[in-house]
Amino acid sequence: GLFVTDYFTRTPRKLSPFRSFASIELFHFHIPEDTVIAVWNLITFKEQGGTFGDQCPDRSITVYFRSGAPSVINPLHTHFPRDTAVPGSFALTLTWTLPNRTTGVFNVTSPLPGDWFLAAHLPKDEGKISVKGLYEECQYLFQPQLIVQRLVNIAVLYPGHVTEQNMAPHNRSCLYKVFVPSYTSRVLVEVLRCRGAEGCPLWLRVRAKAPPLHNSTTLDCREHTPCQLAQDLPFWQHWYYVLVEKHPGVPGTVSFQVTVQLTDCSRPSLARPPFLPSSASMNMPHSFGSAGGLALGDSPPPTSPNDTKHPVSIPVTSHTGERCWPVRPTLRNELDTFSVHFYIFFGPNVSVPPDRPAVFVINLLPVLDSGGVLNLELRLNVSSLCGENVTVFGCLNHEVPLTSSDNTSVTCETESLAGFLLSVNATASLSRLRIPYPQTGSWYLSLRSLCATEHGFEPCTNVTAEVYLRAYLSPCINDCGIYGQCKLLRTNNYLYAACECKAGWNGWGCTDNAEAFSYGFQLLSTLLLCLSNVMFVPPVAIAVRSHYLLEAAVYIFTMFFSTFYHACDQPGIVVFCIMEYDVLQFCDFLGSLMSVWVTVIAMARLQPIVKQASVLYLLGAMLLSMALQMDRHGLWNLLGPSLFALGIMAVAWTARTIRRRHCYPPTWKRWAFYLCPGALIAAAAVLLYAFVETEENYFYIHSIWHLLIAGSVGFLLPPRAKPSRRLGPLPRRKGCGYQLCVNEQEELGLVDPAVASINSICTS
């Protein structure tokens with residue numbers, strides 16, 4: 001056949017160490033129909049400071065692949081919440097072949113069409129808290145590229161018609177496809193009138209949604225006569241691909257006929273009539289996808305010598321399990337993103353009769369609904385059992401309801417169909433099922449009631465069970481509980497939700513407490529971070545005693561907001577917020593930097609040099625507010641104003657040293673007992689903050705940071721300035737001048753100016 005190659009690529013993204021699904025990078029691809037091979041080219045490279053990161057360490061990169069929905073991954077091997085079904089996915093680990101670049105290739109033969117998702121992440125690290133901009137960190141960038149090769153003009157088989165084919169010696173196989181509409185219980189493919197060199201040297205393979213593989217359902221026509229391959233419970237509203245493959249080493253031309261028979265389960269004794277406007281043709285797409293596509297109501301296309309179609313009469317045997325029951329739809333009510341409720345008409349209480357199942361369909365929209373969690377809840381009304389030992393089984397299957405010929409079977413899976421089982425009875429009247437990141441399309445829930453006996457389960461008689469059914473779509477499992485936060489994430493135009501856990505809790509729903517912080521530990525960490533700010537009380541007392549009232553006010557501001565910011569910033573349940581978190585964080589950062597600013601300006605003693613030294617305090621407040629608004633965690637936005645204040649202090653001290661011709665501060669005791677210890681304590685605090693602090697030791701390292709910074713302020717704050725004894729009262733200037741008369745009592749605001757006596761003080 002004719003192949004067409006398509007190429008897709010995505011923008012490189014920076015990978016992060018895995019902590020939860022919220023830290024992974026997700027890539028969305030779409031594979032077209034009739035694709036025979038898909039090749040992912042996985043490109044990974046390192047960067048450091050805008051250049052190639054040759055010196056960066058090699059860190060393994062894990063990539064996950066899944067069709068239909070994002071992968072549900074668990075690299076930390078945590079526990080999933082109860083009643084959670086974990087769909088499978090394929091994982092691939094990339095290793096480095098070059099110092100700064102590596103490439104991996106992942107091939108998928110005959111991939112399923114539709115949405116494919118790739119998830120990539122780095123291994124979990126030690127959780128070091130790095131200061132932004134302190135050094136150039138290593139970045140690991142990941143870029144997937146997809147190359148697909150698809151067939152065009154695949155021959156379409158029409159149910160009930162025969163297609164004749166002559167396979168030339170140089171051809172190895174012939175590929176066909178047939179569309180299976182809803183309410184089809186059986187697909188029967190048969191090879192007729194096979195003539196070759198050695199009997200019928202053909203293999204017959206059938207697969208849903210994509211061309212068959214070597215492990216697909218296969219039948220050797222040489223060993224089976226007639227050569228018939230049946231598929232029970234086929235997927236509704238999908239293409240089925242039929243591959244007729246010649247045995248290797250067979251010379252000459254092989255001629256055969258292929259026909260497909262679809263059984264309508266709403267009429268189990270009749271075959272699907274060809275080209276009639278019944279339920280089959282009404283569910284068929286307008287274009288079959290071939291060169292001469294057949295529209296609804298049209299007659300079959302004209303025949304050709306090698307590909308002939310004409311009606312054929314095939315006997316149909318009535319199978320016991322081919323009868324299907326009416327499917328009750330559900331009403332979709334969208335409340336918010338990934339917040340959808342599916343209401344049952346005349347529900348939510350459902351009656352399950354003893355002689356037939358109750359079938360419901362839940363339709364999940366493509367792309368829109370696969371990023372949440374599908375929740376099902378069954379609750380049995382025990383009073384409706386009339387004392388019988390009844391168990392209601394529910395089977396949730398994707399794209400086709402499970403109808404078993406065995407009335408006592410309690411399984412929800414077949415060789416080609418996977419499903420999820422729920423059960424409720426008098427002792428366990430509640431059952432739940434959660435499916436994170438469900439595949440989109442139609443999900444069918446079949447409810448059956450069976451009675452337990454000594455010999456197992458048997459059909460009940462004259463007992464109609466009543467079940468409360470609830471189906472809904474939620475962003476996360478139980479909203480991630482009290483130790484997690486449900487985050488809505490986006491990759492390009494695709495939305496998905498994931499939990500971000502805290503306080504040592506892990507898992508898909510933040511329910512794994514293997515490494516969780518105890519309540520006592522949370523209380524201790526909160527008290528340490530909050531009470532360590534009491535160390536600012538001595539600097540406040542020193543500032544008030546030295547008449548540094550502005551500095552004392554700033555220290556009080558810092559102590560107050562740092563205490564309540566850390567009380568609100570805790571990851572666990574020991575949390576107390578007096579304001580919004582963002583306001584507390586801004587005030588805490590501003591108070592910390594203003595404390596440094598006013599302390600350094602006070603150490604400069606600018607009042608004798610600059611008459612309006614208070615302008616610098618106002619300038620510092622404005623500059624620091626601007627820097628914090630730009631980037632609250634940026635290094636130079638925070639370090640710049642501090643270095644500017646240190647520069648002002650250095651200039652002031654240098655000016656005094658030159659003017660006095662003596663080192664300033666002049667006494668060695670000031671250097672030995674105050675300045676040097678204070679500078680060392682402040683340097684130790686900065687080193688702890690920048691290089692030692694991690695997520696695990698944050699609560700006590702940051703508390704030590706509070707103690708050291710507050711202690712350094714007590715050492716560095718200068719003593720109160722002594723009044724100069726050499727300055728006496730200025731002599732009264734004589735001669736030409738003017739006099740300014742001021743009413744003393746009016747200036748002091750002691751009496752009413754209208755009744756005040758004129759006692760003036762005249763100065764010149």
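The backbone N, Cα and C atoms fix where each Cβ goes, and this holds for glycine too.
According to TrEMBL, the protein carries these features:
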DOMAIN    499-510  domain 'EGF-like'
REGION    292-317  region 'Disordered'
TRANSMEM  516-536  transmembrane segment
TRANSMEM  548-567  transmembrane segment
TRANSMEM  573-597  transmembrane segment
TRANSMEM  609-628  transmembrane segment
TRANSMEM  634-655  transmembrane segment
TRANSMEM  671-692  transmembrane segment
TRANSMEM  698-717  transmembrane segment
Ranked first among 573-597, 634-655, 671-692 for CB pairs under 8 angstroms with the transmembrane segment (698-717): 671-692
Folded-back contacts onto the transmembrane segment (671-692), same chain, C-beta under 8 angstroms, at least six residues removed: 131, 134, 665, 701-702, 704-705, 708-709, 711-716
Long-range environment of the transmembrane segment (573-597) - Cβ separation under 8 angstroms, sequence gap at least 6: 482-483, 503, 519, 522-523, 525-526, 554-555, 557-562, 564-567, 617, 620-621, 624-625, 627-628, 632, 638, 641-642, 645, 709, 713
Secondary structure tally of the domain 'EGF-like' (499-510) (DSSP, helix then strand then coil): 0 helix, 4 strand, 8 coil
Integer average pLDDT (0 to 100) for the domain 'EGF-like' (499-510): 91
